[in-house]
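Have a look at the structure below before the remarks.
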Number of protein chains: 4
Amino acid sequence: MAREIKCIGVMTSGGDAPGMNAAIRAVARACAYYNVRCIGFYRGFQGMIEGDYIDLDARSVRNIISRGGTILKSARSKEFRTKEGREKAANHIKEIGVDAMILIGGDGTFKGGKVFYEEFGIPVIGVPGTIDNDIAGTNFTIGYDTALNTVIDAIDKIRDTASSHDRLFFVEVMGRDAGFIALNSGVGAGAEEILIPEEDLGLDRLLESLRRSKRSGKSSSIVVVSEGDKIGKNVYELADYVTENLPDYDVRVTVLGHMQRGGSPTCFDRTLASRLCVNAVELLLDGHKNIMVGLINNNVAYTSFEEGLKEGHGINKELLRISDILST
Amino acid sequence: MAREIKCIGVMTSGGDAPGMNAAIRAVARACAYYNVRCIGFYRGFQGMIEGDYIDLDARSVRNIISRGGTILKSARSKEFRTKEGREKAANHIKEIGVDAMILIGGDGTFKGGKVFYEEFGIPVIGVPGTIDNDIAGTNFTIGYDTALNTVIDAIDKIRDTASSHDRLFFVEVMGRDAGFIALNSGVGAGAEEILIPEEDLGLDRLLESLRRSKRSGKSSSIVVVSEGDKIGKNVYELADYVTENLPDYDVRVTVLGHMQRGGSPTCFDRTLASRLCVNAVELLLDGHKNIMVGLINNNVAYTSFEEGLKEGHGINKELLRISDILST
Amino acid sequence: MAREIKCIGVMTSGGDAPGMNAAIRAVARACAYYNVRCIGFYRGFQGMIEGDYIDLDARSVRNIISRGGTILKSARSKEFRTKEGREKAANHIKEIGVDAMILIGGDGTFKGGKVFYEEFGIPVIGVPGTIDNDIAGTNFTIGYDTALNTVIDAIDKIRDTASSHDRLFFVEVMGRDAGFIALNSGVGAGAEEILIPEEDLGLDRLLESLRRSKRSGKSSSIVVVSEGDKIGKNVYELADYVTENLPDYDVRVTVLGHMQRGGSPTCFDRTLASRLCVNAVELLLDGHKNIMVGLINNNVAYTSFEEGLKEGHGINKELLRISDILST
Amino acid sequence: MAREIKCIGVMTSGGDAPGMNAAIRAVARACAYYNVRCIGFYRGFQGMIEGDYIDLDARSVRNIISRGGTILKSARSKEFRTKEGREKAANHIKEIGVDAMILIGGDGTFKGGKVFYEEFGIPVIGVPGTIDNDIAGTNFTIGYDTALNTVIDAIDKIRDTASSHDRLFFVEVMGRDAGFIALNSGVGAGAEEILIPEEDLGLDRLLESLRRSKRSGKSSSIVVVSEGDKIGKNVYELADYVTENLPDYDVRVTVLGHMQRGGSPTCFDRTLASRLCVNAVELLLDGHKNIMVGLINNNVAYTSFEEGLKEGHGINKELLRISDILST
């Protein structure tokens, strides 16, 4: 039988994502609603290890729903990968009186949570917060939609100058292991080509595609490249290669970088964070644990950590096809 | 057996929505990809009646993916509601050599398309483009996500001044028959109350909720009101009623109005428009007709006009519950 | 000889404006730099009367430069208009040990500051913070540039739908006594007509201008109307009048309202606030008082309250001429 | 005596800047207003050489005021640096019947215009359009204000993630020869340090400043670096140097790149472009030539190309002082 939950802890971990504050707010407000104490730990697992925390009541999360970043800060903790580190965390949590934890982060965070639950029996629920969208147990992670819009805003600006000067731009976006951001922002920005880790387009096909673009009357082009693209060259090498082989093109490179992690979250990310976190609190109160919550077919659903981490839901290959047709 | 499709017409109709240009672009590019001629009719059914059109090739839709509004313009046509009007339209379409039509718009547009198909046998496919999100055959309509973000950007600004002056704002958003915009933007903006056509909160509960807000230490509040709210007072009357009954509150009203229809579409709306319209072209080429395309559980799916128009997919009542909990 | 200044108070008063937080930050940081204590009073003069304040050190204004609104809140204080109210304020200030005050606000704030200095000899410097730009002693007030950009963003969106539907929009912007916002945003948004308090265009000329627009091939139009426009009709009456007299036009109205007061400040407003407030602190430390600081010909300059309040710097009539030519 | 002007040509040249379209619109509309024909040349001097142009009437510039880039495209022309190239341009211009030219661009454009006038006697007026703000004859160039806001929006996002992870970011902005963008955006973004070509801060002082930041309790920092910074290391080398010397800091780099050239122009840039270009047309009609127009102390003024090009107006060193004080 589930121990009664009187105090819930919350933290944000891994790469930060827009909407993490909306998530923290939802945890704190749902706790207040159900008369449960809410404790926020700073810098993810590290704050649990160090006992670095703050009490969160309904008013202390006022007006943060619209803010990027995370008021609880985030970090990757090496110490938590050791048994000693996790033991310190468990001890602090018990001392403070925290009965269960909500972990907001990506797959690394969930793996940590799973081990932590297995070792110490502290109920844990994971909420997917990462711009990378690479978590199997949800169709969308918190922060992903905002990152997409940050990327297309930047590419729209780059398109302005690309068109004015008849240039070809390579734009590198985040996504070391997954091409979600590149693929969706590429379609949204109307990119001529999209290079992602999941598909090896090959250099020859890229050159051919760019030649065809030129022939079809396009004077400027955008190629969106995922960090972890399979083509085996980084974005600057790619640009050099194309310059050598297609001297007609005036080539430039932009690496969008960390601005993709910030900014005021979109309505989608705020609403997603709100729904998932209210449900996470309620699931803990109902005795659930060792699961992640996610949005599946527009409904909140939960999955065991095992399932949720199994393998990422694949990218939508249909979008590659759409992109091909639309770059006609 | 389906007649071979060599020329596809496209138009935008009803209230315009961000992403309509992305939709037009996708139709034109998909047609070019499949070597089908593409004709754009101006001002919806009215342009079909008047034979007012333009040839759209792959280059003529260059750089419009990021633009609000519709390059084909939109209108509501009274003449098309008459048999004579529709006959004129059918004749023009045959003269020009258009074999099938893609209609981008809301339920009024689809009803017109259904009748038109039944009377003249011209294959028709509907694409849901409206900020109202009130179409049964799709989880999301094109333009809805952008409108939500326009609304929360505006409310974030209003929240700044509401907080500075400890004020209560009533913010009216679009949605005469459906509360989708109000409900989702209200959760996204962290509104204290949300008034929608689907639920009669009642004046007493509104007053009680605002009193409770005050007691809980909130110094400012936002109430999001749908145009078609059931409470039976317009937003100014509501504000007056609250001012009379809660003299502690310094009340203001903002009616967001038509800016909700404009602006550069979000990544979601651009990608949605691209996917739906490429599929619409392919469905026509495959002999389908008298259907609408939509996004159902993240996949493109089609529905007969009969089904698609049956009744709007209801609002997500869970969000009302979430909103209640989060306004604690 | 000037008493040594060891503690400076700061407050924000009147209608709030984007950039007020950047101004508060600059006061607090400049005080920290010069080893002067800094006290922030809440809700303008009212917080001085009630002794409602907070200590501001360099870290307590962290990350507020980008935020709309004012962390010190703002208000209009009736009590401060009485001798008794001002006496309470003076007593609190002395008790707390505040040696001088920086008042961020508009002309009402400066008038209050002037009287306060004259009655109690407490050194006071005014910093112009208001979206209305109607202060003689500066070319630009803090918040004005942000409000202009908020307005043109909204009108760009309205233009999208106006163009799609061939409509005429009346857009009301803030400015009860001065047409700065209407005039500059009207030129920036490419409005067809601009109605401001300083000029009575007259209804006949408005109708004539709209007829000419139609004849010249314009299918949609935007008329920007200042709240305090001289034409003697409010924006809804104007719209009705035009609808009656120009039945060809499909007329709509949007009142932008309080969103004009909020939002993250532009670079111009942040830099302006930073420059003015560092100088305000330095001027107090140098023994100045009973003055306002402003930006005159791109340099920081100061003016006596008498001069600064004399009369507003007039609107730039050249812009009316520019607007006329560009709406050709 | 001035030849009567019946046809004015306009082009955009050099690096493109937001507001160039607003400038083109203003030239075309002012020409229409004064019944003068208006010709737009594509790709700057290159279009003049090739006779590549378009007629611009009042309607052909509809709705471009809000768009980034330039509908006339821009380029740097090597051929125009030769006598032969300029002769071709002069011949084309005479053949087409263009009586005078308006050149929108930076100092390279103005130098070309000066030589062209001297060689062929064709009246020429320059309008400063460049994001770099490095033109002596104006306080502000068209595009500069928009670029500043693009930069601070990006840095605000970077600040979100920098704060969440307690990181130090080096952000490189445009400005090879002048630090205007770095200096103003650095103050606007609340950067801890600003490195510009005009001042050699020195590596030691940079390290010292970052150490002091850390001691004062700042957990994250932003250093804005101008492309042409004097410190003699590029931004990646700088980051490596700091990482080696201050191992406490977790350092990251973002190079903002070409997105700074795009985007919808701010109200300031649209109004500036409108004012300068209407005046440019009127000055040509009044017989002026061989000058540039600019904004000096908020008024439109003109300067001979000689004066306008003499030396850039220096950066505002007061801002360096302000930045120092505010990064306390």
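Cβ coordinates come from backbone N, Cα and C, glycine included.
Binding of ADP is attributed by TrEMBL to D:Arg25, D:Ala26, D:Val27, D:Ala28, D:Arg29, D:Gly190, D:Ala191, D:Glu192, D:Lys218, D:Ser219, D:Ser220, and within the candidate set D:Arg76, D:Arg159, D:Arg261 the record adds D:Arg159 to that site.
Site annotation (TrEMBL): ATP is bound by D:Arg76, D:Ser77, D:Gly106, D:Asp107, D:Gly108, D:Thr109, and the candidate from D:Gly9, D:Gly15, D:Gly175 recorded at this site is D:Gly15. When D:Glu199, D:Glu208, D:Glu227 are compared with the substrate site residues D:Thr130, D:Ile131, D:Asp132, D:Arg167, D:Met174, D:Gly175, D:Arg176, D:Arg252, D:His258, D:Met259, D:Gln260, D:Arg261 in TrEMBL, the one appearing in that site is D:Glu227. When the binding-site residues D:Ser77, D:Arg176, D:Arg261 are ranked by how far their Cα is from the Cα of D:Arg29 (ADP binding site), D:Arg261 comes first. D:Arg25 (ADP binding site) and D:Gly106 (ATP binding site) are 19 Å apart (CA-CA, integer value). Within 8 Å of the centroid of the Cβ atoms of D:Gly15, D:Arg76, D:Ser77, D:Gly106, D:Asp107, D:Gly108, D:Thr109, where the record puts ATP, the same chain has further Cβ atoms from D:Ser13, D:Gly14, D:Gly44, D:Gly105, D:Gly112, D:Thr130. The DSSP secondary structure for D:Arg252 (substrate binding site) is strand. A simple Cβ count within 10 Å picks out one of the binding-site residues D:Gly106, D:Gly190 as the most packed, and that one is D:Gly190. Put simply, the two farthest-apart Cα atoms among D:Gly15, D:Arg76, D:Ser77, D:Gly106, D:Asp107, D:Gly108, D:Thr109, the recorded binders of ATP, are 14 Å from each other. Contact annotation for chain A: of the listed binding-site residues (D:Arg29, D:Arg252, D:Met259, D:Arg261), D:Arg252, D:Met259, D:Arg261 place their CB atoms under 8 A from a CB atom of that chain.
Put plainly, the binding-site residues D:Gly15, D:Gly108 were compared by Cβ crowding within 10 Å, and the winner is D:Gly15.
For the pair D:Thr130 (substrate binding site) and D:Gly15 (ATP binding site), the C-alpha distance works out to 7 angstrom.
Counting only same-chain residues six or more apart in sequence, the Cβ atoms lying under 8 angstroms from the Cβ of D:Arg261 (substrate binding site) belong to D:Gly15, D:Asp16, D:Ala17, D:Pro18, D:Gly68, D:Ile131, D:Gly143, D:Ala147, D:Met174.
Proximity to chain C (CB-CB distance below 8 Å) holds for D:Arg29, D:Gly190 among the binding-site residues D:Arg29, D:Asp107, D:Gly190. As a whole number, the greatest separation of Cα atoms within the ADP-binding residue list D:Arg25, D:Ala26, D:Val27, D:Ala28, D:Arg29, D:Arg159, D:Gly190, D:Ala191, D:Glu192, D:Lys218, D:Ser219, D:Ser220 is 53 Å.
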